[in-house]
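According to Swiss-Prot, the protein has these features:
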- 1-124: topological domain 'Cytoplasmic' (TOPO_DOM)
- 146-429: topological domain 'Extracellular' (TOPO_DOM)
- 198-411: domain 'CHASE' (DOMAIN)
- 285, 307: N(6)-dimethylallyladenine binding site (BINDING)
- 285, 307, 317: trans-zeatin binding site (BINDING)
- 285, 307: kinetin binding site (BINDING)
- 451-1080: topological domain 'Cytoplasmic' (TOPO_DOM)
- 479-760: domain 'Histidine kinase' (DOMAIN)
- 786-920: domain 'Response regulatory 1' (DOMAIN)
- 946-1071: domain 'Response regulatory 2' (DOMAIN)
- 996: 4-aspartylphosphate (MOD_RES)
């Protein structure tokens, strides 16, 4: 048997992505003649793949893929990797088609066998029936489209009705309100000129003339009249004075004896018949009048027929007071001050008719107005109930006529039912005709499909081979990751155990250097495997609560030492609008930030690196960069500015001007305008990372996000890196439903930004029931303290204020030490000797502001002398902010009066708090956390626990046992799944089991399933609940996923090599913290 590898020099094969070019496919199938004869390498079963030359693998990888200086190293790597993988495949007897395992004769036979009858050829007789079925389906779809368009037309028709009805209701209310205001003004006029003038300036003739001449202001009123309040004992004198008798409204007879009357004394000529009639003689009228004077507001009657027009109308009544009322009068004060009542009659029917006559489309709808004060018996105010209308559709609009006691509404309907729209009549037949034609076209195309069926089979074969190659690639990556990470786990574990022993400084330095290198190698492997998982579509994001600000502070701490060594400003700012806790994949979010900040630190030698986080909608118009590389800047336009200082974080020019103070101050000023009614469950963040580094050449900007690509060949030599971080970051951002882009100017710097959609997480209860979020608990001892920050750079000062604000410190920013002296002196003058009053607690000075001039030391001494002279308060402490500081500068700062502690950058809230506790000589108190949120240490979780470690590798067993014993656990080791089953026979005394997944004979999944089966059988027999927490241990980062572990019955997952944080997250779910003695 022979295995033939057929390839040509133009074929492209990438062991990581397994992409075949068209040349390779045709060469594999020997289907077409090439200009150059493909080279055949024949290997028999007895031969080894090791006999392949490096040049053969170089040609397999593509002749032009490698530079001459890089060929030997990269060729040997892939050669050894592929040969090693082939040897493993031979040993495991796995049959995967990584390359074509057939010769030319077999290829020709296969191509000949594929030429047979196809599905369409075999079922040609069914094609007419299929066409008829197609026409029926098109008919059903056409009817569905008709129904959909008809429903849409009904919705639009309803929207128009709603708009027209609401418009009429608003206009009716507005016109009614105008008339009510005029009646109110007339009531005030009567009160002023009839009761406040002596003698009265109003009589019947004056009132009638005035109301007649101002009737144009009250077009909706048929008339107005004024009735005076008359009590019973004043009735006789009142009747003699007016020379008429008070009469009832219904019959015109003398009014019977009552406690109080309201006879009309003034009236408009149109309602002169109301003179002498008692407005309180009717029961409902009496109630309305009493309600008006008690509330001081206008009241309405129920609808009734007006005497002259016989139209439906209502009477509006206003109280008239004879004296001025207090600001908030009581009901008794209103009644006592009442002098009379001004009433106006509204002709509702005429009002609505006039309104509808002014509007377009009046004939299209039917309008009814109701009084629904009594909901069970609504009263018709306007409209004919028997009028013909489309009763299938109606809209109701509420009416407010100013009387809260009475309720009104307007109901609108169309006069006629909706006709079938023209677009429906044309679209549906057109769609049916098109569908019918499509059916005939498909029927004719069926014969053509028969002719291309052979090509389809050919492509199907290529697809099968590509899938087989993808399986081989996945297994290759899984095996390589396991085989590399397993010994690396042993190396890093042993180094960690070595560092726990007594070592000399030189030995410790060697061990720590080896540990750092090992972790760097693991990080590189993880990046390559992440890229592979992304290409395979197997990378998924988790959703857990986490604290963005804590994540960013942690990232800054990773690069703090390097930024100090380079004397560059490294800072972060998070908008107050960004929620404190969000839900998402904290690890992947952190990975993106680390990649971007790491690149900035790597390529920046001076200036600053500024990380800013805010809501993408917060400044959408001005903050979102243009969706183009470099913001559309051409190479001819890039000129390095000669300006010496810029309003940026460090004063150096940046590629993107949005983080300068002119733009940044608008973002800061909007911090307090957080909307409370945003009900969206998601939050869209924008994160920008600005640096003043070397920038990216224009010619390289198009390939920045391509994997394994860098600006040029010198980048890797000078700065290191693989060029894979940005491509992974781009994929992760897209998984977070965001986008990433950048603006870069050579020799100026770069600004990368990305957006990410995360979930809001406002309830602490949701956090407690999930994986513990990465939340930083800051000290609360600084709340209410006051500080002055001296910094001439406004952006940097705003960042400092942000971190101080997180600690609860109120900050005032000044630009110079002279201003600080003035501010401290003003504070001293305005201060209070009472200890409970606020005082100035600290003055924090930026190093740049201190060393900028020689006179600043004298200003510091003056500041100390002024503040120390206040006997009522402790003098504020002076502290210095610095990115780095020399010994001479430190000695000078101490002699000038600064505290011994210098707050080193990059600033983080926790670090500032720790330094200020030293500066202010505060006693460090244990943080008080909400119940259940205080993080337990691994020692408190594992002390006294008996744990079984199952692993076939003796080094891994020693590493795992050493790591667990370090935290007080009692460890027993087993070398296989069978031994573990023997030790875990119920009853046993183990508290947990750490189970390796890939073991010979019985893997960890099978061992776990059998353990769970034993526990289930024990429960069925003895009714005793047994559940041993089992945590998976594996170096295989592709197959050993969290879901697979849960499916087999495991409780958690720990990836090799062990990290203390990951170990804690896993065991914290199964164990509760034990109290441990302080000595331990």
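Cβ atoms are placed via backbone N, Cα and C, with glycine included.
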Take the domain 'Response regulatory 2' (946-1071) and count its residues per DSSP category (helix H/G/I, strand E/B, coil), listing them in that order.
53 helix, 24 strand, 49 coil
Among the recorded positions listed here, 285, 996, whose Cβ has the fewest other Cβ atoms inside 10 Å?
285
Average pLDDT across the domain 'Histidine kinase' (479-760), rounded to a whole number:
78
Under DSSP, is residue 285 (N(6)-dimethylallyladenine binding site) helix, strand or coil?
helix
Could you say whether, by DSSP, residue 317 (trans-zeatin binding site) belongs to a helix, a strand or a coil region?
strand
So if I measure Cβ to Cβ from residue 317 (trans-zeatin binding site) and keep only same-chain residues at least 6 apart in sequence, which ones fall under 8 Å?
279, 288, 289, 292, 298, 299, 300, 301, 341, 342, 343
C-alpha spacing of residue 996 (4-aspartylphosphate) relative to residue 285 (N(6)-dimethylallyladenine binding site), in angstrom:
91
